[in-house]
Each structure stands twice: as structure tokens, then as C-alpha cells.
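S.K.: I am attaching a structure below and will ask some questions about it afterwards.
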Amino acid sequence: MKFDLGWLMEKWKLGCTNFTFDLLIAASLLTRLDSSVYLFVLLPVVLFRLLSQREISAVEKGVQTACLCLAPTLLVGGWLLWKLFYYGDILPNTFYAKVGSLNTFSKGLFYCAEFLRAYWLIPLLFLGLAALGTILKQSNRELKVLVLTVFVWCLYVARVGGDFMEFRFFVPVMPLIFVLVTWLLLRFVKPVGASVALAVMLVVGSWHHAKTYDNKGIESIRQLERHISDPGENWQAVGKVLDNLFGDESFQDGRSNVVIATTAAGAIPYYARLETIDMGGLNDRWVARHGAIVGARAGHQRIATLDYLVRRGVNLAIGVPLVTPRRAKVEPLAWVKRAAEAFRREAVAAGLAEDCRMVEIPLDDDYKITVLYLVANDHVDEIIRKHGLKTYRP
């Protein structure tokens with residue numbers, strides 16, 4: 001949720017004491033807790049503007065300051081207390097899962113740089129640096145606040161390591177970037193031809209990004225779509241097949257007791273409708289805080305250990321879904337290492353139960369998925385026998 005700074009300043013200049021701004025603060029924090037990054041810049045500016053007004057008394061300033069803090073304190077404060085007692089923490093679980101390695105900041109800087117490169121914004125970055133002196137000399141406080149807010153937001157994105165999806169962390173700050181770019185093109189760049197050329201460059205850069213972007217470190221929309229429907233991945237089919245084999249309808253009492261574990265803890269559980277352990281920790285408190293650190297990629301820094309999966313009673317560990325042609329030979333230990341993404345050979349061997357097996361589950365006539373059968377389950381054993389699923393020791 002973003003604020004019209006001009007409107008906001010005018011309201012306080014007129015001595016407005018309604019709760020509109022208070023409710024906007026509360027609503028923004030309730031919607032996205034990282035709205036506090038915006039407020040870190042905005043609130044001091046508003047308070048300074050309020051307290052510097054000479055036409056109102058000190059008592060009225062105190063009253064308006066108290067009113068400014070009342071709604072956020074009651075609404076957001078009550079919500080944070082509830083989170084603390086219900087979840088045991090104020091920060092979301094995803095924070096601990098995503099910010100876990102030593103080089104998170106460098107990955108975040110790469111994410112910011114890749115955003116500028118992908119959208120052809122690097123020339124405008126240098127143009128903005130050249131215009132910084134002009135901006136600081138201007139009396140337009142709102143423009144300075146916009147620049148500072150964008151800068152602080154970029155620091156925040158870098159600090160949390162960016163993201164593994166295509167630039168969604170920049171969506172909240174895009175409106176401010178648009179305003180700054182417009183100011184640069186209309187006010188700072190004097191030749192009209194140069195402004196038009198830069199504007200055309202932005203349009204072409206955006207089109208080029210939409211058509212061609214495909215970075216392995218930051219997954220594009222097309223890559224995310226391929227996870228779901230591409231024959232070589234087909235997480236949708238994986239979930240549906242697991243539902244058909246092990247779902248509620250396969251049990252006489254209509255309730256499945258099969259537990260799966262995977263890093264693809266969105267699409268596969270959605271279609272499988274089975275109890276699922278998120279091996280990446282985004283939806284698992286223990287993994288987010290204690291899982292093995294396996295890398296610096298945002299959202300993929302930790303992984304559930306095999307002993308934890310056994311303690312949670314996981315029957316089928318999918319890990320990073322490995323879909324292969326049905327005739328392809330899968331190296332068992334290599335698959336386990338991939339599913340765990342960084343387990344050493346001896347750690348994997350020590351964590352495996354004596355009777356665990358690899359199970360190949362056909363998805364269609366051409367593809368199969370290989371899973372690790374960890375904790376014994378009578379229904380899983382029955383399905384393996386009934387359908388003649390291929391099993392072998394890892």
C-alpha cells in the first residue's frame with residue numbers, strides 16, 4: 001500500500017486529525033509486514049512536518065502525534081501480540097527459511113543488478129546518480145522522500161537475498177520508480193529527443209524482457225509454468241498421480257494416512273491432497289530454523305534432514321521432483337543427494353532406515369517419478385504390490 005505524499009503533507013499542514021493516515025499505516029503493515037521499510041522513511045518525514053508547524057500549539061501537536069500512533073499501535077500491536085502467542089514469533093516463517101546463509105547479501109545485490117539489467121534500466125540508474133545533486137538542491141521534499149524510499153527498499157531486498165522468482169520483490173516499489181523515471185525524463189533531461197529516446201528504450205526493454213528473460217538463478221514466469229506442465233517436470237501430474245494412488249479415496253474409511261515430503265510444496269501438495277512436509281522450510285518451522293544450509297539461493301537455502309523426515313513419519317520423500325523418461329536409469333544415491341541438495345554421502349547413508357527403498361511411480365506412458373520410501377506404511381506397501389511398482393535399495 002502506497003501513500004500520496006503530496007496529499008498527506010497537505011492534510012497535516014491543514015491540521016487534519018482524522019485517522020485516515022493511521023488506518024493506512026495499519027492496513028499496510030497488516031497486508032505486508034515489510035511495509036515497515038516504507039514507513040521507516042515516511043513516518044519521520046510526517047512527524048517532522050507535523051512538529052515543525054508554527055500555526056498550531058504544542059498541545060495540539062502532542063494530540064495529533066498521539067492520534068497518529070493510536071491506530072497502528074492498537075491494530076498492529078494487537079496483531080503482533082497474537083502472532084507471538086500463536087506462532088511463537090513475530091517474523092514470518094519464510095524469513096528464517098530465506099535468510100540463512102553467509103552470502104545472502106551478495107545474492108541480493110545480484111538480484112537488484114539483474115533487475116536493472118533485465119529491464120534496460122542501467123542507463124537510467126547512471127542518469128539518476130547524475131541528477132542526485134539537482135534533487136538534493138530542490139525544495140521538493142516529496143521527491144527526496146521518493147529517492148530515499150527506493151534506496152532503502154533496495155537495501156532491504158539485498159539484505160534478504162532477493163528472491164528466486166522473477167523480480168516480484170520489486171513490485172511494491174515500482175510505482176515510486178515510475179514517478180522518479182518520469183521526473184528524470186521530463187524535468188532533468190533537457191533535449192526532448194533524448195527523453196523520447198530513453199522512453200522508447202524503456203518500452204523496448206520491457207518488451208524484450210517479457211519475451212526473452214530466462215535466467216537460471218532467477219526463475220522466469222515461463223520457467224515456473226514449465227514446472228507445472230512441462231512433460232519433463234509436470235508437478236501437476238505428480239500430485240494427481242499421488243492423489244489417485246494414496247489419497248483419501250484409496251482408503252476404505254476415506255482418510256489417507258500417507259505423508260509425503262517435497263521441496264515443491266505448492267503445486268504437488270495442492271493436487272496430491274496429502275499431508276506434506278515442506279523440505280525447503282517455507283511452511284515448516286523446524287526446517288526454517290534448523291534445516292541444513294545447502295546454499296544461498298533465496299527460498300532454497302535450507303533443506304530438511306533425513307532424520308527429521310523420519311521423525312515426522314514421512315512415507316514418501318519426493319525431494320526435488322525427479323521426473324525422467326520411464327526407460328531412464330536413475331542412480332539411487334545421486335537422486336537422494338539431489339533431493340537433499342547437499343547431503344554428503346556418509347550423512348545420507350547414516351540417515352537412511354534399514355528397509356527404505358527407492359520407488360518408481362509412472363506418471364503416464366512416457367515419464368516416471370522416483371521417490372524415496374522412508375517410513376513403512378501398510379497402504380503404500382499394498383499399492384506397490386497391487387501396481388507392481390519397481391523398488392530397489394538406494
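Cβ atoms are placed via backbone N, Cα and C, with glycine included.
As listed in TrEMBL for this protein:
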- 36-51: transmembrane segment (TRANSMEM)
- 63-82: transmembrane segment (TRANSMEM)
- 118-136: transmembrane segment (TRANSMEM)
- 143-161: transmembrane segment (TRANSMEM)
- 167-185: transmembrane segment (TRANSMEM)
S.K.: Considering only Cβ pairs under 8 Å, which range in 36-51, 63-82, 118-136, 167-185 makes the most contacts with the transmembrane segment (143-161)?
M.R.: 167-185
S.K.: Is the transmembrane segment (167-185) packed against any residues at least 6 beyond its ends, judged by a Cβ distance under 8 Å, and which are they?
M.R.: 2, 32, 34-35, 38, 111, 115, 118, 124, 127-128, 131, 143, 146-147, 149-150, 153-154, 157, 160, 195, 198-199, 202, 218
